[in-house]
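Asker: The following block contains the structure, expressed as structure tokens.
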Amino acid sequence: MSLDVDVRHQQGGFTLQAKFQSDGRLTALFGRSGAGKSTLINVIGGLIHPVRGRIVVNGRILFDSTQRISIPRHRRRIGCVFQEGRLFPHLNVRQNLLFGRWFTPIARRVTRLDDVVSLLGIEQLLGRRPVTLSGGEKQRVAIGRALLADPELLLMDEPLASLDDERKAEIYPYIERLRDDGHVPIVFVTHSVAEIARLATSIVVLTDGQVTASGPAADILRNSSLFSQFGPAEAGAVIDAHVLAQDDEFSLTVLQAKSGTLTVPRLARTIGASLRLRLRARDVMVSLEKPQALSALNVLPGHIVALETSGASVDVTIDCAGDLVVARLTRKSVHDLGLRPGLAVHAIIKGVAFEGDAAAVPPASSP
Ligand SMILES: Nc1ncnc2c1ncn2[C@@H]1O[C@H](COP(=O)(O)OP(=O)(O)OP(=O)(O)O)[C@@H](O)[C@H]1O
């Protein structure tokens with residue numbers, strides 16, 4: 001998969017100058033309100049014509065100002081999902097879904113209605129009108145409608161922003177499934193660090209119309225300076241794991257990551273299911289010795305690979321068998337412990353965040 005964007009556009013006093021490449025299955029566009037995320041989505045989707053530039057999706061040129069190529073919007077084969085589902089109120093769910101393929105030539109209609117309905121779990125909703133659906137159900141139908149157009153790119157502009165946490169949690173697994181099916185690249189606009197930590201394979205950070213960082217999700221999320229605008233609490237590491245075991249006696253779930261096992265309050269996942277964990281830098285402590293009598297369940301051995309000072313705090317990056325974990329410590333602690341690159345340490349994980357099915361291990365100091 002590939003997405004290659006290099007565009008410049010002027011609207012009023014705002015200049016969008018965005019250049020990035022992504023090979024990710026789900027590319028998150030991330031930035032403050034007014035950073036230009038929607039403008040960029042509209043440029044990619046063909047709603048806005050940039051002054052100049054080039055947009056190439058999986059080798060197909062959608063726009064190239066030097067070659068004077070600009071594929072019209074209806075021929076870009078792009079599916080869109082917006083914050084408010086924008087379903088047709090007078091059509092039932094089945095009719096709304098089928099409307100998605102109306103503009104797709106018959107020869108290109110590959111996706112089957114039944115497959116989309118079961119992928120999104122909306123079998124029970126087919127005869128109902130949008131007004132009778134919950135916010136989460138409407139968004140699932142909107143996603144289904146976009147998929148049935150057999151798009152070559154799916155643009156999702158804050159598709160979950162109007163939903164509460166419970167409804168969001170309802171939709172995440174479907175978006176993950178779409179991402180992991182790998183049939184269609186997804187560009188996803190969001191303000192939420194937790195959302196990109198869970199969903200993104202690549203991240204593009206926009207600031208005042210410029211791309212200030214882009215790359216694989218795990219690399220970008222580790223860089224706390226990028227997330228300073230959203231509060232220092234959010235920065236941290238993202239690691240992949242799968243469910244190794246369920247502990248019924250203590251109602252815990254044991255996860256296997258590259259760096260070792262992590263035990264968290266019970267998650268409703270099957271053995272083998274893969275998931276992403278977010279280890280916030282503020283939830284990680286560092287010990288020189290292997291801690292013995294400690295209530296924290298999760299201790300990962302590793303060695304320090306980087307120290308980055310910002311004011312009174314220092315982000316210490318620890319390589320734990322290939323998983324890079326970040327701990328935010330005071331400068332004083334770093335000095336007192338003599339922390340330096342190469343030093344063997346233990347990362348004590350006080351909390352693990354999962355968007356949707358929140359889980360946190362007890363703090364190290366609790367009995
Ligand atoms: N039609 C327009 N004419 C002039 N300026 C515009 C127009 N549309 C948007 N802007 C400006 O362009 C900038 C980027 O807006 P955009 O909607 O792309 O930001 P965003 O990152 O999507 O914000 P949000 O997260 O609030 O949706 C803003 O300063 C906005 O005021």
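Keep in mind that glycine also has a Cβ here, set from the backbone N, Cα and C atoms.
So TrEMBL lists these for the protein:
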DOMAIN    2-233  domain 'ABC transporter'
DOMAIN    293-358  domain 'Mop'
Asker: What is the three-state DSSP composition of the domain 'Mop' (293-358), stated as helix, strand and coil residue counts?
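Answerer: Tallied per class, the domain 'Mop' (293-358) gives 7 helix, 36 strand, 23 coil.
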Asker: Averaging the per-residue pLDDT over the domain 'ABC transporter' (2-233), what integer do you get?
Answerer: 87
